[in-house]
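K.L.:
What follows is a single structure, and I will ask about it in a moment.
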């Protein structure tokens, strides 16, 4: 079979991702475009005659980049197409918005690269009474047009057949430009490298006249002639870019008049009716908060019901199984404990997180595909404008509920460097899925019937602190107003199940692999460090270990937030949590249960793997049956506790060490707000600079320590009024000093602000193929 590379390109919300998932299934690979942290997805699929590599390009409305401060999506899409790597392009077009989508189509066809138009969302178009003559559209465009409903898989085989039959586009002169424009485009084309096809050279000439800044990198000596061409055009027309765009829109209008009835189409009545409620200025925000609470509720309920299968199953295989192997093969006791507690305990920490994190990713994917996520940005626009940000900046922040890394990377969709940087600084405060795992454990141990409210309050607190961080930046070092916010609101539709599953699987797989590697390594390290004293001797009591000795020296620093000296395990959890937040659970689980593992004698004669796995299945089935009872729906956290006794095990030790719910909640505030994990730090450094990464770390530590101290000292004021008063005053004075210093630093920071993405944008200013 012949190999074929195809670029998949289209407007945002045109169904491009759904089509990509339909064609490639699970055969996908996610990486980054060279030099930037913009996600690059590739997938594999086969037709009758070809083995195809499909490259999913960023969604874009146009290939024209007017400013270096614009979104990176247009830059990457344009440079990939011009690199010549793609043998064929599939342009996904939203049939219900034909006129707007055809602007990108015309640019692709003018470039002369073989192209297939995938006319998607025909079901939505039909509901809006839109009729399109597909054959007439194909004739007018001079390329194949394949009707699709990608959410249902309709038209996929026809698309594969069109790929096998692909040829060069018919040489149809689509757009009739003014003669002066053609003359100057030809003049510029003659000065370009003759190895490039004439059609592409003329296209580059028009792009240069339109003001596209990156086409000059491909124009060679022609770039030096641009000023001459513009000077000649100035005598004949006011604005060449306006004339070029007008000629394209006239062509689009002429095509639509012939092939469709878009002028008489009816907007979706369902979408209009729902938007009257969802976008209501008074109801919009409460509805958004309810949706976020519902996401948390489902993650805890359904994810918690599936947890016994992953928890008890991993204990049976990776802890008891390792102990049985060690006993059978006569391993030394210290080695068996080390492997069971380190390797087995690490795996046992990761796997129980899978169902709850997976349910949250599934819910987020549903919100994105259904069309609600765009509405959430619109609802938050008024609040974001108060911060000097457009509502569009809230979209990457919402993504932060899943993971802060794509949240930071999502800031690239914003146009102004100031807006990107402010969004990046706010992103780490959004409570990610790994933090949910920590909150759920503490809620079950300390808050009982109020567990759901406690966890939800932490989510809201994260949003509030992100907003306050934005206000602080706006009034100190990043003053300015938001750019105008224009955003397309797609019609509501039922997401495709296959697409939801694939998106959830990709995110969950990334989480498990990333978290698993870190947790297992940390668990093994902690197990070793917890088995020896500072003098190198093996210890029987973990309180005599080197880890305990070092941690006790550091723990007094956290006394103001409620971490007592004997609770050195909590201090270790904070340090390991800087690598990955989910490691906090693994650390506490390893340390709080270490004595139990050392003290409990293992009898290999009593170990039966099959019985333990069957027990895990039975517990899971019982949990699923109980999941939707009224008591569980009203109390998801309490239900997730299961049948475990608080007096024993990790939860019992943790309850004794913290001593009160106030101390535990204060600890959770610190975990929510302090330094982001290593992956997020790296993303911040790549998207901005190491300096801004350092600022984010220091600001997060200050906010976390200050807020946790204020909460704990206020709630426990009656126990030690003098100490509490000193702590509260110290926090207030310190933050007043910090804010005054930031206000004074504004003039110096403004100069450096515009350069924060210079290293990122420059990747697209080189020669062809530099962005792939």
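Here the Cβ of each residue, glycine as well, is placed from N, Cα and C on the backbone.
Below, the features straight out of Swiss-Prot:
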DOMAIN    3-169  domain 'FeoB-type G'
BINDING   10, 11, 12, 13, 14, 15, 16, 17  GTP 1 binding site
BINDING   35, 36, 37, 38, 39  GTP 2 binding site
BINDING   56, 57, 58, 59  GTP 3 binding site
BINDING   120, 121, 122, 123, 149, 150, 151  GTP binding site
TRANSMEM  282-302  transmembrane segment
TRANSMEM  309-329  transmembrane segment
TRANSMEM  344-366  transmembrane segment
TRANSMEM  383-403  transmembrane segment
TRANSMEM  427-447  transmembrane segment
TRANSMEM  453-473  transmembrane segment
TRANSMEM  518-538  transmembrane segment
TRANSMEM  664-684  transmembrane segment
TRANSMEM  691-711  transmembrane segment
TRANSMEM  722-742  transmembrane segment
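Provide an account of the burial state, proximal residues and distances for the features listed.
P.N.:
Long-range Cβ neighbours of residue 12 (GTP 1 binding site) (same chain, at least 6 residues apart, Cβ-Cβ under 8 Å): 59, 60, 61, 488.
In the three-state DSSP classification, residue 59 (GTP 3 binding site) falls within coil.
Same-chain residues at least 6 positions away in sequence with a Cβ under 8 Å from that of residue 122 (GTP binding site) are, in sequence order, 95, 132, 147, 148, 149, 154.
Cβ atoms under 8 Å from those of the transmembrane segment (309-329) belong to residues 335-336, 339-340, 343-345, 347-348, 351-352, 354-355, 602, 604, 607, 609, 612-613, 615-617, 619-620 of the same chain, restricted to positions at least 6 beyond its ends.
Residues 294-296, 298-300, 302-307, 309-311, 313-315, 318-319, 321-322, 398-399, 401-402, 433-434, 436-437, 440, 495, 499-500, 503-504, 507-508, 511-512, 515-516, 519-524, 527, 582, 585-586, 589-590, 593, 597 of the same chain lie 6 or more positions beyond the ends of the transmembrane segment (344-366) yet place their CB under 8 Å from a CB of it.
If one looks beyond the transmembrane segment (383-403) by at least 6 residues along the same chain, the residues whose Cβ comes under 8 Å of a Cβ in the stretch are 285, 292, 295, 360-361, 364, 367, 373-374, 376-377, 409-411, 413-414, 418-419, 422-423, 426-428, 430-434, 459, 466-467, 470-471, 474, 478-485, 487, 507, 511.
Below 8 angstroms of C-beta separation, residues 289, 292-293, 296, 300, 383-384, 386-389, 397, 401, 422, 425-427, 429-431, 435-436, 439-440, 443, 447, 637, 665, 668-669, 672-673, 699, 703, 707, 739, 742 of the same chain, each at least six residues beyond the ends of the transmembrane segment (453-473), sit close to that stretch.
Cβ atoms under 8 Å from those of the transmembrane segment (691-711) belong to residues 421, 424-425, 428-429, 465, 469, 560-562, 662, 665-667, 669-676, 681, 684-685, 727-728, 731, 734-735, 738, 752, 756 of the same chain, restricted to positions at least 6 beyond its ends.
With a cut-off of 8 Å between Cβ atoms, the residues of this chain six or more beyond the transmembrane segment (722-742) that come close are 472, 476-477, 560, 702, 705-706, 709-710, 713-714, 716.
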K.L.:
Tell me, which binding-site residues from 56, 57, 58, 123, 150 are within 10 Å of residue 15 (GTP 1 binding site) if we use the C-alpha atoms?
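P.N.:
Taking 56, 57, 58, 123, 150 one by one, the ones whose Cα falls within 10 Å of residue 15 (GTP 1 binding site) are 150.
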K.L.:
What is the interatomic distance between the Cα atoms of residue 17 (GTP 1 binding site) and residue 151 (GTP binding site), given in whole Å?
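P.N.:
Roughly 10 Å, rounded to the nearest whole number.
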K.L.:
At a 10 Å cut-off from the C-beta of residue 57 (GTP 3 binding site), count the other C-beta atoms across all protein chains.
P.N.:
23
K.L.:
Measure from the Cβ of residue 151 (GTP binding site) and count the other Cβ atoms within 10 Å, all protein chains considered.
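P.N.:
Other Cβ atoms within 10 Å of residue 151 (GTP binding site): 22.
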K.L.:
Which entry in the list of binding-site residues, 11, 13, 14, 17, 120, has its Cβ near the fewest other Cβ atoms, using 10 Å as the limit?
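P.N.:
Fewest other Cβ atoms within 10 Å, among the binding-site residues 11, 13, 14, 17, 120, is found for 13.
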K.L.:
Taking the centroid of the Cβ atoms of 120, 121, 122, 123, 149, 150, 151 (GTP site), which other same-chain residues have Cβ within 8 Å of it?
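P.N.:
Not counting the recorded site residues, we get 15, 95, 124, 148, 152, 154, 155.
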K.L.:
Would you list, in sequence order, the binding-site residues among 58, 120, 123 whose CA lies within 10 Å of the CA of residue 14 (GTP 1 binding site)?
P.N.:
120
